[in-house]
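J.: Structure in structure tokens, see below.
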Amino acid sequence: MDKFVVVIAECEPGGVTPASLECVEEAREVADQLGARVQVILCGSAVAALAEILAAHGADQVTAVEHEALAQFSADGWLQALAPMLLHAHPLLLLAPDSGQIRAWLPRLAVRWRLPLVGCCMRISIVGDGYPEIIRNTYGGACQERLIWPYATLVGAMLTPGVRGVGPPQVERHAEVTVIHPELDPAHFRDRTVRTLPADPKTVSLNEAERIVSGGFGAGGPAGMGLVKQLAEQLGAALGGTRVAADRGWLAVDRFIGSTGQIVAPKLYMAFGVSGAGQHLSGITASELVIAVNSDRTAPILKRADLGVVGDLHQILPILIRKLQALAAPAVTLETTP
Ligand SMILES: Cc1cc2nc3c(=O)[nH]c(=O)nc-3n(C[C@H](O)[C@H](O)[C@H](O)COP(=O)(O)OP(=O)(O)OC[C@H]3O[C@@H](n4cnc5c(N)ncnc54)[C@H](O)[C@@H]3O)c2cc1C
């Protein structure tokens, strides 16, 4: 009988969330160590078409659980739809993104099944005779824990988004696809999504932000950090920074980035006055485009940056902010009288 590592994937408009693809890739590595297959379960109204992308990142089987009542997220709906699937799948290991939605329903299932469920997971591997080993952040990232289950028991792991990043797709891979239409009773969903609001960059979780502007000790104080913040606002980006900036009180402590802070994977990461210490760089490895401004041309961040600018942030930031303000300003039409 086939053995499975099961992933619960989440959708977003137009595709699968990057955090879900990270889980599929992590599951692929774990499954290869166990000689198992990767089964991905996803929920929605018409989600079977996403099987291709899941296969390209490592899925062997995709189970699409479809119902029109699942078009919008509901913790009760997901639980009703997925609990029987998961029971049937009999996984060796269960992986899911550590997201707000997963946290809304999976712990309820874990309590019901007495399933050990671990959040803030950074890495999963197999040790000994096939026991899962999970490395996870704890105490807000101040230290890491290594957990091993030396018993044949199912473990659920919620993977921190952005830790491993998404690798290139293997387009030649294919998966078996099963579509299931469960019988659901939406009248018994006690929660439902009424509307989805665009995320506020100021409050969006850093590991889900697409753009981040960061300030370090080189900002020189709250005034310099204020300029970094102004640029972030102008770009619709989230504000981040280094641990030193947070320790100085220039930045909220939950917004510093690095091995003991937030792990991020934005499309754009801009760093001002950040030296690029190893502990900081390990938090931005999955960033797509890194732009750094530093007055010291030997600063390590400039080696990591795709675009490095050697200069004084106090001169560069006001110019950048003014340019962006001019671009954002509505065009003025001049009327001339003959
Ligand atoms: C156990 C441990 C865990 C840690 N975890 C983390 C972590 O998770 N995240 C983290 O960030 N740090 C962490 N640190 C701290 C880390 O080692 C560095 O000290 C820190 O990242 C440096 O912060 P910084 O780049 O802001 O400051 P600095 O290293 O002081 O760098 C400031 C930079 O600004 C530049 N600069 C100065 N003035 C200007 C200017 N006017 N214009 C442009 N550039 C300028 C300088 O050239 C310099 O490169 C940890 C340390 C330890 C010991």
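Note: Cβ is positioned from N, Cα and C throughout, glycine not excepted.
TrEMBL lists THR242, ARG243, GLY273, VAL274, SER275, GLY276, ALA277, GLY278, GLN279, HIS280, ASN294 with the feature FAD binding site. According to TrEMBL, the domain 'Electron transfer flavoprotein alpha/beta-subunit N-terminal' annotation covers 5-193.
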J.: Could you give the maximum C-alpha to C-alpha distance in Å for the residues THR242, ARG243, GLY273, VAL274, SER275, GLY276, ALA277, GLY278, GLN279, HIS280, ASN294 that bind FAD per the record?
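T.: Overall maximum Cα spacing for these binding residues reaches 18 Å.
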J.: Quick one: among the binding-site residues SER275, GLN279, ASN294, which has the most Cβ atoms sitting within 10 Å of its own Cβ?
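T.: Highest number of other Cβ atoms within 10 Å: ASN294.
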J.: Under 8 Å Cβ-Cβ from GLY273 (FAD binding site), six or more apart in the same chain: what's there?
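T.: Listed in sequence order: GLY215, GLY216, PHE217, GLY218, ALA219, GLY220, GLY224, VAL293, ASN294, SER295, LEU313.
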J.: Which of THR242, ALA277 has the fewest nearby Cβ atoms, counting only those within 10 Å, among these binding-site residues?
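T.: Sparsest of the binding-site residues THR242, ALA277 by Cβ contacts within 10 Å: ALA277.
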J.: Can you see whether DSSP assigns SER275 (FAD binding site) to helix, strand or coil?
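T.: DSSP assigns SER275 (FAD binding site) to coil.
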